[in-house]
């Protein structure tokens with residue numbers, strides 16, 4: 001395994017193929033240990049992981065905390081409503097405070113895009129050894145979700161060898177609210193790195209035409225793309241046509257909390273055109289995998305029948321795979337700092 005090059009993890013835009021492979025290799029090891037009955041190992045014993053979540057979360061927050069505990073790290077949690085934020089303290093000063101308490105890694109979720117870059121820059125300026133791990137920042141990025149999604153697809157398409165190259169030329173259909181989705185942006189970086197051809201499907205209000213050029217937008221302070229050749233992005237407005245040739249589908253939630261009022265004419269019309277149902281799935285002659293990062297809006301973007309009855313609905317697999325992926329990220333950051 002290569003020496004891990006990142007002190008902080010903000011985005012997948014600056015991940016190389018070797019970076020992905022390092023994460024997946026470790027995740028495979030941790031998953032194998034769990035399957036063999038070993039649920040806890042002393043890999044991060046004596047380290048402190050601090051969970052700073054300024055937005056609501058079920059899957060990501062609890063998955064990161066469980067991942068840290070399985071590595072034997074101490075876990076420190078944070079409640080915004082009972083913190084000094086209510087007295088006017090800034091998020092950056094809050095992060096510096098937890099770093100001063102000895103946090104080795106800050107796992108941060110916040111509604112502001114690029115906030116983890118700002119926090120990391122401040123910490124580095126005071127020579128802090130604390131790493132920052134982005135657990136979702138505004139509309140920008142959700143690296144661990146992008147990693148666990150691609151890991152779930154790799155395990156589906158290549159269960160014996162777990163070879164990421166299996167995604168090369170696969171047609172991955174992403175349906176729904178791409179414009180407000182940090183998950184979608186991370187998926188675009190991750191899937192394209194392994195040569196997947198990505199189809200974005202939804203109305204123009206949720207998938208503007210400029211997303212066709214998304215992969216030409218680097219991360220802050222990034223001068224070049226570490227991936228030499230990426231897959232493609234196309235945009236479709238017809239779910240029925242797109243579904244016919246798809247090898248996998250990722251459904252996205254309508255993020256009404258981030259939308260401008262009246263962005264969509266109606267939820268019912270959106271569901272009629274772009275909701276994933278058994279009838280629409282029947283247009284594809286393969287039993288393709290279905291993913292959704294959660295939380296689900298049942299019978300809006302995805303039918304309950306698909307969630308509960310479709311044999312290759314991998315939503316629970318995604319949740320399970322999130323733990324070894326996040327274990328790998330926490331472990332790699334600590335090894336970088338030693």
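Note that Cβ sites are derived from N, Cα and C of the backbone, with glycine treated the same way.
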Identity of the carbamoyl phosphate-site residue among 29, 109, 237 (reference: 59, 60, 142, 145, 294, 295, source: Swiss-Prot): 109
Environment of 59, 60, 109, 142, 145, 294, 295, the listed carbamoyl phosphate site - residues of the same chain whose CB lies within 8 A of the CB centroid: 57, 58, 135, 136, 183, 293
Three-state secondary structure, which DSSP defines for residue 253 (L-aspartate binding site): coil
Nearest of the binding-site residues (87, 182, 253) to residue 294 (carbamoyl phosphate binding site), judged by Cα-Cα distance: 253
Alpha-carbon spacing, residue 182 (L-aspartate binding site) to residue 142 (carbamoyl phosphate binding site), which is rounded to whole Å: 6
Position of peak Cβ density within 10 Å, selected from the binding-site residues 294, 295: 294
